[in-house]
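Annotated features in TrEMBL:
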type     : residues : note
DOMAIN   : 212-407  : domain 'Major facilitator superfamily (MFS) profile'
TRANSMEM : 41-61    : transmembrane segment
TRANSMEM : 73-93    : transmembrane segment
TRANSMEM : 99-120   : transmembrane segment
TRANSMEM : 141-161  : transmembrane segment
TRANSMEM : 167-185  : transmembrane segment
TRANSMEM : 216-238  : transmembrane segment
TRANSMEM : 250-271  : transmembrane segment
TRANSMEM : 278-297  : transmembrane segment
TRANSMEM : 303-324  : transmembrane segment
TRANSMEM : 365-383  : transmembrane segment
Amino acid sequence: MRMTLVRYLVAATLARSADAGAPVGFVLLAATAAGLERRELVGALLVTCLMLPHLLGPLVGRWLDRSRDGRQLIAAVCAGYGLLIAGAALALGHAPLTLVFALVVIAGAGGPLLTGGLSSRLSELAAPDEQAQRRAQGLDSLSYGLGGTAGAALVALLATFTGPRASLLVLAFTTLIAAVLIRSLPPAGSAVPADQVLPLRNALSLFTAPGPLRRVMAAMLVTAFPSGAVAVIAVALADDLQVSAGTAGLLTAVFGLGYLLGSLVLIAWPLPGEPENTVVITVSLVGAAFALCAGAPGYPLAVIAFLLLGAANAPYFIATLAARSRYSPPEARAQVFVTMGALKVGSSAGGAAAAGVAMGLGPRTLLAAGAVMVLASALGMILERRRSTPVKDGPERAELRCVDQDR
């Protein structure tokens, strides 16, 4: 069991490194490739082509739910992602842009399976007791943190010495290694028959019906909005903190370090408690950390505040993973994981864009607004739960739906 989780951690980290590093690599390649006009626009379009297909997450999730062996599907998509990224990297500057964009769009459509799709398989790889499940979710959180940090850093570092095209090819090769490791994981013990998988419309209704999934989803989307703007806001704090833009930008690295440290702590000491309650508590911690960042009077205290913000994001993210696992019915498990992950990506991207537009208000104002938004989402969870009737966990909810349909 332990070696299985180690293989999962390595595979997930490699796959998510590619998902995080590819946008950076394509921006760098567009800036240096021969024969391109309007390089900044091409780079932006390539990133859009990679990220926009994440919105297909619900469709991709149902595909995974209906598959006989999810590991084979994810491994195939992971390998395809690497080959498509490599093809697009080799073609850029030598082939029509429409072909390059098409390759990148198809690769981007597989992105949700490298993130939420992989996470949806994790509960089957760990022991069924709560502590083992939470520890495994801590490992998953660590893979996101390592992948998000290492992917972009690896591409930027390799691009300095070998050029961005070669760095993208190395990134593509890592996804092939990830595919082999994913294929080596044990098969699911109890796959749901394809004809019992919830239709897309019914699966999406899980997020609109009163219950813990809707509350967790709403809080997650609200929290992701200012969190996606952290990198943009950190650089903009340079004048307020009386440091250079590069020094201010290091606050983003500090945020990432805090996230990694938080994940490591929670692998050793897993989060206890009912997932929805834990989400409320951890979202509140994230909101408080945003307030600390907004009020930090100098650079040393800003470093501490951003470190705490990153550390608070680790238990919050692990709590949302636990909530997805606890409250999603087996016949829509992947759809729940992938949909929530895809919408989180969209909310984070929207937050980054909104911060760029609203930067005239000042970075501290934006951080304070983020704190208010996040704390309000935690309060909203509490108020809605008090108004609504208790909702059963995943399998019991599925039984209740079947009874209703029989009636």
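Heads up, the Cβ atoms here are built off N, Cα and C, so glycines get one too.
Contact between the transmembrane segment (73-93) and the transmembrane segment (167-185) is supported by 3 or more Cβ pairs under 8 Å, counting only residues 6 or more apart in sequence. Between the transmembrane segment (365-383) and the stretches 99-120, 167-185, 216-238, 278-297, 303-324, the greatest number of Cβ pairs separated by less than 8 Å involves 278-297.
A contact links the transmembrane segment (250-271) to the transmembrane segment (141-161), because at least 3 Cβ pairs that are 6 or more residues apart lie under 8 A. With a threshold of 8 Å between CB atoms, the same-chain residues lying at least 6 positions outside the transmembrane segment (216-238) that come near it are 207, 244-245, 247-249, 251-252, 255, 275-276, 279-280, 283, 286, 290, 302, 306, 309, 313, 316, 320, 323-324, 327, 340, 343-344, 347-352, 354-356, 359, 363-364, 366-367, 369-371, 373-374, 376-378, 380-381. Outside the transmembrane segment (303-324) by six or more residues, the chain places 119-120, 122, 133-134, 137-138, 140-141, 144-145, 212-213, 216, 220, 223, 227, 230, 234, 251-252, 254-263, 265-266, 271, 275-276, 278-279, 281-283, 285-286, 288-290, 292-293, 295-296, 336-337, 340 with a CB less than 8 A from a CB of the stretch. Confidence across the domain 'Major facilitator superfamily (MFS) profile' (212-407), taken as the mean pLDDT and rounded to a whole number, stands at 87.
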